[in-house]
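Take a look at the structure below.
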Amino acid sequence: MSRITLSRFLIEQQRKAGTLPPELRLLIETVGRACKAISYSVNKGALADVLGEAGTGNIQGEAQKKLDVIANDFLLDANEWGGSLAAMASEEMELPYHIPGEYPKGEYLLMFDPLDGSSNIDVNISVGTIFSILRCPEGVTQPTETDFLQPGTHQVAAGYTVYGPQTMLVLTFGSGVHGFTLDREHGSFVLTHPDMKVPERTAEFAINMSNMRHWEAPVRRYVEEMLAGKTGPRGRDFNMRWVASMVAEVHRIITRGGIFMYPKDARDPSKAGKLRLMYEGNPMAFIIEQAGGAATNGHQRILDIVPTKLHERVAVFLGSKEEVELVTRYHSEQQ
């Protein structure tokens, strides 16, 4: 049986009752090509002098790695001329990126975290790209930040690429979740993980335990119960994982189950969380829900949150449905 490439898969989906518009198909393929280029740069590492700091900072006040800038440029350059987009937005840029006047404009908005987990680059741990696609509001020809401020339920597609021992693109456009592995010999993403599902039950959790003293009471209660293992109220043992790369954590969870948590904490009560809603929380929540899992901010479904700014932050609890529902219930009981 012949292998199914990303291009073939998308074309076949387009033919099935027209569930995937041609312009959206082309946009997803273009994002995939940009991710291939990022993968090659990440893999070269010190050989291409792409490790270390860039000497600049992003809108979040974070020091940029060289590969943050390189990945951001790859995504901008690959997508600006294709005719599918009205504008783009990135973790690395304060304002939306407008399509240059010499290129045709399309009906979609693309948002991305070009290189999630980039603090891991220099120590050779998996990093990744996260992206979200929305429709541009009808009649808008020069999108502003306001046009991006749509709830996650409005996403028409989302995905991530994990750059690890293999490079994998994981994608949804509202009809399940499918994983594609990069065949470097042929330069194509190939369908290797069709219809991915998150197990409902799990014995693994991912959280940065060093911040425990700053957590709200419901999070401490939930984690302490898991740490108590068989002798505690849960009656079974759990294992903890922490990679400090959201893409790597989510990929593990979608592959074998688990819960990923990045709660708000007391160090800065004005911030709703650490992760960004529009290009981290929303796309990952869309993917996890399409795979049968759940995603909340501790109080409500992440996809239902109406954003108020492009770089808005959010607390994140996502993964196996049973665990996400439990920690969310603990938050509601605390109110």
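Counting starts with 1 at the first residue shown.
Cβ atoms here come from the backbone N, Cα and C positions, even for glycine.
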Discussion item. Looking at Mg(2+) 1 binding as recorded in Swiss-Prot, which candidate out of Glu91, Glu92, Glu138, Glu145 goes with Asp113, Leu115?
Written reply: Glu91
Discussion item. Of the residues Glu280, Glu289, Glu312, only one is listed by Swiss-Prot in the Mg(2+) 2 site with Asp113, Asp116. Which is it?
Written reply: Glu280
Item to complete: Write down the one residue from Lys44, Lys271, Lys274 that Swiss-Prot lists together with Asp116, Gly117, Ser118, Ser119, Asn208 as binding substrate.
Response: Lys274
Discussion item. Quick check: in three-state DSSP terms, what is Leu115 (Mg(2+) 1 binding site)?
Written reply: strand
Discussion item. I need the CA-to-CA distance for Gly117 (substrate binding site) versus Glu280 (Mg(2+) 2 binding site), whole Å please.
Written reply: 11
Discussion item. Suppose the Mg(2+) 2 site is Asp113, Asp116, Glu280. Which further residues of the same chain have a Cβ inside 8 angstroms of that site's Cβ centroid?
Written reply: Glu91, Phe112, Gly117, Gly128, Thr129, Ile130, Met246, Val247, Leu275, Arg276, Tyr279
Practice prompt. With H, G and I counted as helix, E and B as strand and the rest as coil, say where DSSP puts Asn208 (substrate binding site).
Written response: coil
Worksheet, complete the sentence: Students should find that the Cα atoms of Glu91 (Mg(2+) 1 binding site) and Glu280 (Mg(2+) 2 binding site) sit apart, in Å rounded to an integer, by 9
Worksheet, complete the sentence: Leu115 (Mg(2+) 1 binding site) to Asn208 (substrate binding site), Cα to Cα, whole Å, comes out at 20
Worksheet entry | Cα-nearest neighbour of Glu280 (Mg(2+) 2 binding site) within the listed binding-site residues, Asp113, Ser118, Ser119 | Asp113
